[in-house]
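Visitor: My questions will all concern the structure given below.
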């Protein structure tokens, strides 16, 4: 950030030029009550005043909802307000886990939930594996002595900034029946493939598109890790004329491993929450072939004819437990990274 | 990997692997990067090119690379412009004729230079004359005919207001957590870390309840408020403020500046680099946000661009010529931010490991 220190000051002021004046006036007006408050409670306790707005937001929109989520998940009925909802104990969880066999979603009372679980698991395993390997490959390549490195880094990174809707529509346009890809296939003498109508292909493409969209982010983290590896290690290896693959296995990978674990866990946490791109690209279809857990929660709570907040909340709690476990894994991993 | 140097070892090395000589991995690397350019840029480029095609042009299969459309000419005596065709005449010669109408497998055509005489041509003997033409109406028409301008305004409003609120309340919290020592500081830090682990996906329903209680359903404030306080923002700003010189703050206190003045007049200007990074992040988050607005905005007039685009593509007869153009408009601000501020974004991600 040191290099960026002088430039942004001008950018920030210039970009917000028209907004800055009223804002400055507002801040000046706020000073009067603040000064009075400071006289009343003293200089040190002003810390609480500064922290208050943020904590209020966190409480109202994160911690309180977390509590209400549990309340929702143990109450029934169609009401939105907890006072209108009768206590039903673990019934919602009972519904969710009411399965003939957990390996067969159609034997479950909430078959869409289990299809979501199965699809999300399949999606996450493929996506995370492929994404970590590709990010690693890309980071290693970008860390080599190549020309126009900044340009190539930008090429892999820019989809990260695109909105999921833009990403999904861009690819939908390519994958549709008369799209670019089918044009390429037919010009090579093949038959048109209905990519988003065939369950297997639909799963392949949501994995592909989500990797396309997010790979740059993980590549960036791994690249930072690669650049932190001391150059003299490589110089020593080169003096010994160690083959490049051996350098990779013996130096690069072991030293990069802490970053790899962070990347794997982050990708897992994002993977199980996949929704946006898939929702726009396939709508969970064909049928329920690409229905994800978050999609099930959204549908149960908001999109279905009968809104079932209790069931959606119970599913959220289950998802929350999974995420919590993954986060603990991440903390353990980053602690090891700190020690190393 | 220094390949120059005075000592014997490096000269031996240079003899083994000649400088300038390409290792096979170098070639493989460039091949991979070239493939990457095609695969990453290609789809967006194709989106951009397609967005300038006419409705008829988009239906073509196989599609043409560039936006082409049939040339039309005004012919004296005809009310409308007529499409131009290249026609193979019975004697084998080729002429450029304008088509008046088509009757079954016959087309009635006319030479633009000699509009009196009508020539009948079998339709398989003619092929359209095409020219490069950008269908800019894909961009201008939605601005008049759809709620598109409304969506655009909603997105701009949400992005700007949310970013300002985010910058102010997060910087206040960061200021408190970096400059002061106070009781409960550790607890507050733990709370901030805690919120990092609770994404909107698992509290969708209760946040909706809170928003309903506040009477904000279908209002843009319902989108703005829940994500205004971000743990990422607090961390980013706090890390930066910790590096600011304390003497400056002490000196200001000596001069009887109030704590608020110190925050607003001294710390905020100094923290500008970090604020800029957070501002860019916040703009990205807000402009691209999808799941939460989808849940809480149910009336068309309160849709943001992302929700509007999604609703539009779900319609029975997807009007791709408008949809593609609007997708490009949605992508444009992000593209501009990327081109000019890429360095801040990558530094920000590298520093926080978050996006």
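Backbone N, Cα and C atoms are what each Cβ position is placed from, and that goes for glycine too.
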Visitor: Which one of B:110-131, B:220-241 shows up in TrEMBL as transmembrane segment?
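Guide: Within the set B:110-131, B:220-241, TrEMBL attaches transmembrane segment to B:220-241.
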Visitor: Write down the single range among B:70-93, B:262-285 that appears in TrEMBL as transmembrane segment.
Guide: B:262-285
Visitor: Any contact between the transmembrane segment (B:220-241) and the transmembrane segment (B:151-175), i.e. 3 or more CB pairs below 8 Å with pairs at least 6 residues apart?
Guide: yes
Visitor: Are there at least 3 C-beta pairs under 8 angstroms linking the transmembrane segment (B:151-175) and the transmembrane segment (B:262-285), leaving out pairs fewer than 6 apart in sequence?
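Guide: Per Cβ check, the transmembrane segment (B:262-285) touches the transmembrane segment (B:151-175).
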